[in-house]
Amino acid sequence: FVNQHLCGSHLVEALYLVCGERGFFYTPKAGIVEQCCAGVCSLYQLENYCN
């Protein structure tokens, strides 16, 4: 997994992959869209959004 742009459904799919059964907490206020779609994010950064 390399740092990459993740937007829309790709971002959601990546969160499901990373978080698995834990699920994830998604809110635009958290900045995940700015971080991962406008910029790039890593696997480690995605894990911050897991429950």
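Just so you know, glycine gets a Cβ as well, placed from its N, Cα and C.
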As recorded in Swiss-Prot, which of C36, C37 forms the disulphide with C41: C36
Fewest Cβ neighbours within 10 Å, where candidates are the disulfide-bonded residues C36, C41: C41
